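Colleague: The structure that follows is given in the form of structure tokens.
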Amino acid sequence: MLRYIIPRKKGTFVIAAFLTVAFFCIVAYHRNDRRRTKFQFPDIEKYAEELVRLPETWNGELHQIPNYTAPREGPGEKGKPVVLTGKDAELGQADMKKWFMNVHASDKISLDRDVPDPRIQACKDIKYDYAALPKTSVIIIFTDEAWTPLLRTVHSVINRSPPELLQEVILLDDNSKRQELQEPLDEHIKRFGGKVRLIRKHVRHGLIRAKLAGAREAVGDIIVFLDSHCEANHGWLEPIVQRISDERTAIVCPMIDSISDNTLAYHGDWSLSTGGFSWALHFTWEGLSEEEQKRRTKPTDYIRSPTMAGGLLAANREYFFEVGGYDEEMDIWGGENLEISFRAWMCGGSIEFIPCSHVGHIFRAGHPYNMTGRNNNKDVHGTNSKRLAEVWMDDYKRLYYMHREDLRTKDVGDLTARHELRKRLNCKPFKWFLDNIAKGKFIMDEDVVAYGALHTVVSGTRMCTDTLQRDEKMSQLLGVFHCQGKGSSPQLMSLSKEGNLRRENTCASEENGNIRMKTCSKKAQFNERWAYENKMIRNLKSGKCMSTANLKPGDNAIVVECDEKDEHQKWNFIDPAKA
């Protein structure tokens, strides 16, 4: 790709020079070895794709923070999308496959671009006493990240952070191999006059241990972790520092705005969310609870959140290590965000979102680098999550094993140090966390009418209700399938005391003879309420009963007129492990 080797402002001259040199090299090569077969002139685009990007050499001038009040023109300015056409579009789509983001579009955007400010006026009106606030180390971990997304992260932090509050930016290179991230990166950061420190690890640590390494190197009173494909927005740092200065045990997060992985469009708004979790131990976004809405007296107040997404957070550096940092035996990435969330709340701290602080993040559909852990472990999220379940979830770890029965007996390393940490910090039980912080979290096997694999047996053939691997984040029809046993999570169902036939987050309703699973209402609607009588599952609104009549595995479940003599309508909730 010529974009990697040709500076934009010198395009015509450099192309001519490149082709001239290539021509004479080919002639010399051909003349010096007549024994070779006839030489084929290489395809210039294909050849260029093999070359590494050579960023422009630093000219010795120190970085100047842009005047964002002045008009700016150029691709992507003000967060506008970069829409590619023709050959550019082809290169961009190739990047989507390689990088899971459009690096070609990113390369057209200034490293110092302006982005829309989503803050409300009340946030902008807050005055901060910089002299009274602690200084911050911003830590950015990267491994073989694309050049412009990485550098735009750094530039945005430098450009939009008060110098009085920014102690340093630590770039921690987790064993990158790409040439442009070697000497060219060393050269690029010189323009920041020592404000940016580059620390290199020559053995892969993985994100979790690399964050710990960065935190140990930091000298600021506050540490902020950012992913390597972010853009800090206007006024992002001040409210974070102020909150941690006010409350030492608060671990806080900015509001995370979305940057398109394809067009690099910046989408920021004032919608407020909190973090939740699934019993499979994945992070989820949730709306603000009624209790939290009432607690907050003004729109600039911090938001208490049960969990955090993980990539972007800030903490008092001393407190971060006092409360246990990260579990150093967790591998690469995954699970550490819920582990620190549960631990912070249970051990006397808090997790909070700061509505006046915004940072954009490129959400990618995959990882362009190796995510395999030690001993060739390709399930690092699973094994990391088991470590947190065993240490922090008490008996509620059973709910994790409902989803990951395969990990129940798996060795995930020594947990002694983490158990001792919990004891030393005098942390509360996980039930306290559920009762006081994650209120309303549905527990499928606790305080319900019935729970288990919902199955029926007809002529010796057993079938269970099943999600059929459909995306439960969207409204989907419930299906039936052969009972899988061993706690197969897609087949687990509960009947709540409110009459909801439900899974963790979705409830069943009768719809045109089928059963639709959709996000549960706060108060069950009449068509979402069911009764379990005489082994029959009856919808209270339609009066019809769930049936497998004339169904085969993989079909959608149906409701029909109730008939107590029809064995297709007889259902049992049975122990998931025996289903």
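Numbers run from 1 along the shown chain.
Backbone N, Cα and C atoms are what each Cβ position is placed from, and that goes for glycine too.
Annotation comment: Swiss-Prot describes Asp174, Arg204, Ser228, Trp333, Arg364, His367, Tyr369 as substrate binding site, evidence class similarity to another entry. The Mn(2+) binding site annotation in Swiss-Prot covers Asp227, His229, His361. Feature annotation from Swiss-Prot assigns region 'Catalytic subdomain B' to 302-364. Sequence annotations record features per position, and here Swiss-Prot assigns topological domain 'Cytoplasmic' to 1-12. Look at Swiss-Prot and you will find 13-30 tagged as transmembrane segment, backed by sequence analysis.
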Colleague: List, in sequence order, the same-chain residues at least six positions removed whose CB sits under 8 Å from that of His367 (substrate binding site)?
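Modeller: Correct list: Phe100.
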Colleague: What subset of the binding-site residues Asp227, His229, His361 lies within 10 angstroms of Arg204 (substrate binding site) at the C-alpha level?
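Modeller: Checking each Cα against Arg204 (substrate binding site), there are no hits.
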Colleague: Of the binding-site residues Asp227, His229, His361, which sits closest to Asp174 (substrate binding site) by Cα distance?
Modeller: Asp227
Colleague: With the cut-off set at 10 Å between Cβ atoms, which of these binding-site residues ends up with the most neighbours? Options: Arg204, His229, His361.
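Modeller: Selected residue: His229.
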Colleague: Per DSSP, what is the residue tally for the region 'Catalytic subdomain B' (302-364) in helix, strand and coil?
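Modeller: Split into helix, strand and coil, the region 'Catalytic subdomain B' (302-364) gives 17 helix, 20 strand, 26 coil.
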Colleague: Report, in whole Å, the straight Cα-to-Cα distance of His361 (Mn(2+) binding site) from Ser228 (substrate binding site).
Modeller: 9
Colleague: Could you work out which of the binding-site residues (Asp174, Asp227) has its C-beta surrounded by the smallest number of other C-beta atoms within 10 A?
Modeller: Asp227
Colleague: Could you round the CA separation between His361 (Mn(2+) binding site) and Trp333 (substrate binding site) to a whole angstrom and send it over?
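Modeller: Cα-Cα distance, His361 (Mn(2+) binding site) to Trp333 (substrate binding site): 17 Å.
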Colleague: Mean pLDDT across the topological domain 'Cytoplasmic' (1-12), rounded to an integer, is what?
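Modeller: So the average pLDDT across the topological domain 'Cytoplasmic' (1-12) works out to 40.
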Colleague: Work out how many Å separate Arg364 (substrate binding site) and His229 (Mn(2+) binding site) at their Cα atoms, rounded off.
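Modeller: Per the Cα atoms, Arg364 (substrate binding site) and His229 (Mn(2+) binding site) stand 10 Å apart.
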Colleague: Inside 10 Å of the Cβ of Trp333 (substrate binding site), count up the other Cβ atoms and send me the figure.
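Modeller: Trp333 (substrate binding site): 21 neighbouring Cβ atoms within 10 Å.
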Colleague: Just to verify a number: CA distance, Trp333 (substrate binding site) to Asp227 (Mn(2+) binding site), in angstrom, no decimals.
Modeller: 12
Colleague: Translate the DSSP assignment of Asp174 (substrate binding site) into the three-state scheme.
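Modeller: DSSP call for Asp174 (substrate binding site): strand.
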Colleague: Test of understanding: give the count of other CB atoms lying within 10 angstroms of the CB of Arg364 (substrate binding site).
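Modeller: So the number of other Cβ atoms within 10 Å of Arg364 (substrate binding site) is 15.
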